[in-house]
Each structure stands twice: as C-alpha cells, then as structure tokens.
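Taking it in order: structure first as structure tokens, then the write-up.
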Amino acid sequence: MKPIKIALIGAGNVGNSFLYAAMNQGLASEYGIIDINPDFADGNAFDFEDASASLPFPISVSRYEYKDLKDADFIVITAGRPQKPGETRLELVADNIRIIREIALKVKESGFSGISIIVANPVDIITRAYRDASGFSDQKVIGSGTVLDTARLQFAIAKRAKVSPNSVQAYVMGEHGDSSFVAYSNIKIAGECFCAYSKLTGIDSSNYEKELEYPVSRRAYEIINRKRATFYGIGAAIAKIVSNIIKDTKNIMIAGANLRGEYGFHGVNIGVPVVLGANGIEKIIEISLNDKEKEKFAKSVAIIDKIYQDAIKNI
C-alpha cells in the first residue's frame with residue numbers, strides 16, 4: 001500500500017480532534033494543515049510533531065499551502081464560522097457557503113484528485129455547495145452527514161440493551177440537525193429485531209421518538225451549552241470514515257451523499273447508509289422505510305433544499 005497523505009483545512013477543535021484520532025490510528029504517514037492563520041497552522045503542526053514522537057510509527061506533520069494538495073489522498077474540511085450557543089446549524093448557512101466556495105476553487109486549482117470529506121456545518125448544505133463549486137464527482141465528495149448522530153444512537157441503544165455498540169445496527173438519517181430522524185423500523189441488535197428487546201430497554205414503537213430520537217437530536221445542544229462546542233465525537237467519526245476508505249472495507253456506514261434518484265430525490269446531499277471503499281462512496285443503500293419514516297425523510301430533504309436554494313440566490 002502506498003503512503004497515505006491527508007490534508008486538513010481548518011485547524012480548529014474539530015479538525016485537530018480528527019487529526020489526533022487519525023494519527024493514533026496510523027491512518028497516514030504524512031499530514032498537512034491549512035488554516036486562515038498560518039501561525040496557528042504552524043503551532044498545531046509543531047504540537048502534533050511533538051505528539052508523534054510517542055507513536056510506534058513515523059509520521060510527518062507540517063503546514064501546507066493549497067499548492068501542496070495536488071498529490072494528497074484525502075482532504076478533510078472543517079473550516080467555517082463556529083456554531084454559537086442556541087444557534088441551529090442551519091443559521092450558519094450563508095457565511096459558510098461563501099467560505100466553502102472559496103476553498104473549493106482553491107482546492108480544484110491545486111490539481112487535487114483525491115477524496116474530500118466535508119465536516120463544516122450545516123454540513124448537508126456545505127457539502128452540496130462544495131461539490132457544485134468544485135465539480136468533483138459524487139463518489140469523492142462525502143459529507144459527515146449523520147455519522148455522529150448515528151454513533152450517539154448506537155451508544156444510547158447499547159446502553160439500554162446492555163450490549164456493545166458494535167452489536168447495534170441503527171441509523172439516524174436525514175439532515176445533521178433538527179429534522180434528522182431515527183429509522184426505528186430498521187434497528188437490529190446482533191441481527192435480531194429491536195422489538196425483541198422492548199422489555200429490557202423500555203423502548204418500543206410507541207415511545208422511541210421520546211426515548212431515542214429526541215435525546216439524540218438534542219445531544220449536540222447539550223454539549224454546546226456546557227462546553228461551547230463538540231469536537232472529540234465528530235473527530236473520531238471522521239477518522240472512522242477515512243479508515244474504512246483507506247482499508248477498502250466495503251462497510252456500510254451513514255454519510256452525507258448526493259442523491260441521484262435514491263429514495264425518490266435528486267441533487268440533495270443528506271445522511272443515508274452508504275458502502276465505503278477505496279473509491280469513496282461506492283453505493284448508496286436504499287433501506288426500507290415505513291410511511292412515517294418516509295414522511296420524515298421527505299420533510300428533512302425539503303428543509304435543507306429550500307435553505308440551500310434560498311441561500312445561493314442571495315450570495
């Protein structure tokens with residue numbers, strides 16, 4: 001396997017959490033950091049270099065310019081204005097679309113041909129704006145989508161069912177935000193219907209929205225209200241996406257993907273199950289949704305599509 005080169009654009013808490021997770025998992029041999037503040041990028045690179053001395057394998061970390069992206073395998077983009085306490089992700093849209101468009105053009109001009117992973121919020125809209133501005137293929141532009149929401153859901157279910165999160169198959173789909181929903185009809189534990197665990201967990205089809213969907217959707221706000229930002233969880237989740245692509249696992253994970261007729265929608269980037277492999281998103285998986293879930297999915301699509309369309313008219 002050839003040495004992997006990963007570039008981070010945006011050296012804030014989320015980006016640094018991803019890079020630290022990636023380093024400790026040995027995902028790449030070379031890392032580069034681009035930030036609007038070159039001194040900040042240098043400082044983080046120096047700090048990561050110091051950390052690398054304790055790793056059992058050699059790596060390099062340095063500040064990059066956009067011209068250094070040409071032979072990178074991955075770009076992880078976290079740059080954008082941060083979310084404020086009490087502010088929804090969708091309120092960030094106008095400022096962060098402007099930022100991502102500028103980044104997309106610089107990335108394209110560099111000759112980059114690898115895989116772009118977008119994390120900046122509101123991620124569904126920002127990923128779409130990046131894809132449109134860059135012209136890169138759907139396969140190679142991946143949003144973090146509801147990958148963190150799904151991890152939170154799996155953890156919550158595992159805790160109630162007294163099993164490992166690795167034994168839980170469950171998805172949060174739709175917008176990474178307030179209109180996301182739990183695909184309750186698809187939840188399984190070790191391949192068995194979640195309904196078999198209703199007595200143990202106290203959760204069934206009549207109360208899952210209160211017991212699972214609502215707490216999972218509010219988790220980010222609970223963290224932000226207490227410590228102003230979330231970053232370790234999403235950093236680890238992005239490292240998991242990158243790891244699955246590098247290792248060509250063909251694992252099914254939730255990610256932000258551009259729909260081309262799947263689930264009956266076109267052109268919207270949204271959190272859905274996908275197959276991850278060496279080419280990025282190798283397939284979008286259309287799981288069966290019940291009528292209630294289909295309605296929630298359509299509502300989520302409509303919300304992010306309207307905001308995107310309104311935003312690009314005014315930028």
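Including glycine, each Cβ sits where the backbone N, Cα and C put it.
Annotated features in Swiss-Prot:
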type	residues	note
BINDING	VAL14, ASP35, TYR66, VAL119, ALA120, ASN121, SER144	NAD(+) binding site
BINDING	GLN83, ARG89, ASN121, PRO122, VAL123, ASP124, ASP149, THR150, ALA151, ARG152, THR230	substrate binding site
ACT_SITE	HIS176	active site, proton acceptor
MOD_RES	TYR221	phosphotyrosine
Position of peak Cβ density within 10 Å, selected from the binding-site residues ASP35, ASP149:
ASP149
Which one of these binding-site residues, VAL14, VAL119, ALA120, VAL123, ALA151, has the sparsest Cβ neighbourhood, judged by other Cβ atoms within 10 angstroms?
ALA151
If you draw a 10 Å sphere on the Cβ of ASN121 (NAD(+) binding site), how many other Cβ atoms land inside?
27
For NAD(+), whose listed binding residues are VAL14, ASP35, TYR66, VAL119, ALA120, ASN121, SER144, the greatest C-alpha pairwise distance in Å:
22
So of all those recorded positions, GLN83, ASP149, ALA151, HIS176, which one's Cα sits nearest to ASP35 (NAD(+) binding site)?
GLN83
Listed recorded positions TYR66, VAL119, SER144, HIS176, filtered to Cα within 10 Å of THR230 (substrate binding site):
none
Integer Cα-Cα distance in angstrom, SER144 (NAD(+) binding site) to VAL123 (substrate binding site):
7
